[in-house]
Each structure stands twice: as C-alpha cells, then as structure tokens.
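Notes follow the structure.
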Amino acid sequence: MRSAVVLALLLCAGQVIALPVNSPMDTGDTEVMKCIVEVISDTLSKPSPVPVSQECFETLRGDERILSILRHQNLLKELQDLALQGAKERAPQQKHSRLEDELAEVLEKQNHQAELKEVTEEALSEDAAEARGDSKEVEENGEDADGARPQAALEPEQESRVEDAQAPGEEKEAINTHSPTRLPSQKHPDPQAEGDSDSPSQGLVDREKGLGAERGQQAKREEEEDEAGEKADAEEEGPTAAFNPHPSLSYKIRKGESWSEALVVDGARKTGAEEAQPPEGQGEREHSRQEEEEEEETAGASRGLFRGGKSRELEQEKEQERLSKEWEDAKRWSKMDQLAKELTAEKRLEGEDEEEDDPDRSMKLSFRARAYGFRGPGLQLRRGWRPSSREDSIEAGLPPPVRGYPEEKKEEEGSANRRPEDQELESLSAIEAELEKVAHQLQALRRG
C-alpha cells in the first residue's frame, strides 16, 4: 500500500513540474496578440465594425515591436513616393530629349540632301560644260576641215588668177614699149618683140604644167597610200575581207568627186591659159576678153563647189546604201560558195579512191566544177564594183581601168559560147543538190 501511494505522489509531482509557469513577458505577449486579433477583426468587419478597446490601443502603442513595424512601413511609403516623383520629373525631360534628338536627325537629313543636290548639280554642270567644249571642238574641227578643202581647191585658182592678172600687165608693158616699132611696119613685126610678148604666156603655161604634174604626183601618192592601208586592213580582217576588192570605195568616191572637180577646174584653167596665149596679130581687146572669161569660169567653178555640197552628201548616202546592200549580197553568196567548196572538197576526198578505176569520172567532175564556177564571189564582186566605162570611173574619182583581171579574161574566153543565165541556173541547181545531200548525210549521222 505504501508503495502505491509513493508512486502516485511521484506521478503528481512530475505532472506539476511539467506544467509551464507564466512569466510576465509571456503575459505581455499574450495581451499584444489579443489586441492584434481585435484590430484584425475590426478591419475585417467593416460593414459592422467591432470597436477596439482602449486597453488594446495602449498596449499596441507601448509595444516597441509594433512601432518598428509601423516605422518600416512608413519608410517604404516614403520611398515609393520619392520614386513616383522622380519618374514624373524624368518624363518631361525624356520627352524634351526625344524632341531634340528628332530635330537633330531631321536637320542632319536636310543638310545631307542639300549636300547631295549641290554635288549632283556641280557634276551635271561639269558634264554639260565638257559636252559643250567637246561639241565646240568637234564643230571647230569640222569647220577647219570644211574650210581647208575649199581653200585647198581655191588656192591654185587664186594663184592662177594672180598670174593671169600679172601676165596681161606684162604684155601691156611689152606692147607699149614696142608700139613705136610696130606702127611703121605692122606687117613685119620685130622678132624680139614677139619673143618678149610670148615669154610671159610661155611662163604661165610652164607653171600650169608644173602645177598639174605636182598634183598628179600627189594624187598618185595618196592612192598608193590608200591601197597600202586597204591591203593591211584586208590582211587583218582575214579571208572574208578578200571577197571585197574595193573596201573603201565610198572614200574613193568622195575623194574622186573632189579630185574630178579639181580636174575640171585645172582643165578650165589650162584651156584659159592656152587661150590666153596671144597670137602675133591680136591686140589688147582679146586679152581683156579672155581674162573676163577666165574669171567667170573660175567663179562658176568655185560656186559649183559650194552649191553641190548638199547634192554630194545625198549621192554619198545613196552610194553607201547601195554598197552596204551589195556587201550583204556578197556575204550571202560567199557563204553559199564556201559550202559548195566544202562539198566539192568532200567529194574529191571520196572520189580519190575511185579515180584510179574510173578516170573519166574525175575528168567530168573537174569539168563540172569549172563550169559551175565554184571559185568564190571574188569575180562577181569585181564585176559589181568595176565601173561600166571610162566616164563612170572618172566621175567616181577612180583611175581608169588599165589592168584587167586575168581570171576574168579566161572566164570570158572559156564561157563565150554560154549564156550567163544558164550558168547561174546550173550553179544554183548544183548548190541546191549539194546542200540536200549534206542535209541527208547529217540526218543519217544523227540517226546513227
């Protein structure tokens, strides 16, 4: 019994020891918690608020922890207010800076565009000035060239006029000096006076002959230089240029026109000089009349040089068009003849093996090749370019055809009995047959 009572006492003592003892700090915390609960319940029950007791207000105001929390919240609010104020102050500043940046960009763009416009205007003005200068130079060069040609043509005329004008004066002086000797005996004139009167006219004739010889030599030199340049150009251009025996015919025609005019003027002056030779029994009237005729002829020739410029240009354009057409036709015929040559060469290669067995066939083929005229369009072109007569060659400004082509002579001798139309038809038919054979061979090769 005693042991049971002791155990019960020990258990009660242990429970008493285990129970917490309320300290004054714990009591203050419990009061603060109760007050906080009342405040929370007051805030949550706003439609029907529960009033907070005055004791709770006093306990919360006296608690340091609550004061520190409230101070911290106030600091946060103040910081938020400061941040909002700074943002509000920065907004107009940012707007102002943006406007300034936009204005600066617009001004820079305008300045750049103005600079570009100035540069382009300067470049255009420089280009226009250069173009004007080039056009002026071209016009000056053309005027110089145009002025040099009539000057070159008129210089010998002026010289001849001066000489012709000097000659009558000398003749008049000679007549005046020798007039008393002729008056008593006009039927038997003095031989010395005749020699003196003939000497100026002979000097004029000699000068005219010398000038004509110099001009002929210059023309020959120019023609030789032109022929040498044409040969060099033909060698550079290759075999196709060989089909054109006169590649610079238009240039020769232009040159020939001026040369023919110069020849006409020279002939007029020569005839005038020959007529200016006074026979023994003529007087001053014939000299004056001849001088007037010479002046009229030279003036008409110089006018014709200037008036005929437009007609010459038109004729030159027509000649160029005709020459271009003939050149195109020659190219076409040259292609056809080249094909014919290739075909004949292939036939010859194929028929080399058969020639030993059948010599008559080789003879026939050679005769047909000669008859069909597979020699290229050189002779045809030469026929087309050859002037029809001596007058045409003189009008075109070309020298008269002195040397003939030996190939043309042989062809004319060999084909004297044949008509040209029959030969052309035969050659065309042969070319067509050969082309058909080549086409069949190509088709067979493609199929094979």
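Using N, Cα and C of the backbone, Cβ positions are placed for all residues, glycine too.
Per Swiss-Prot, the disulphide partner of C35 among C12, C56 is C56. Taking CA atoms as the reference points, S429 (phosphoserine) and S288 (phosphoserine) are 72 Å apart.
Between S324 (phosphoserine) and S288 (phosphoserine), the C-alpha separation comes to 52 Å.
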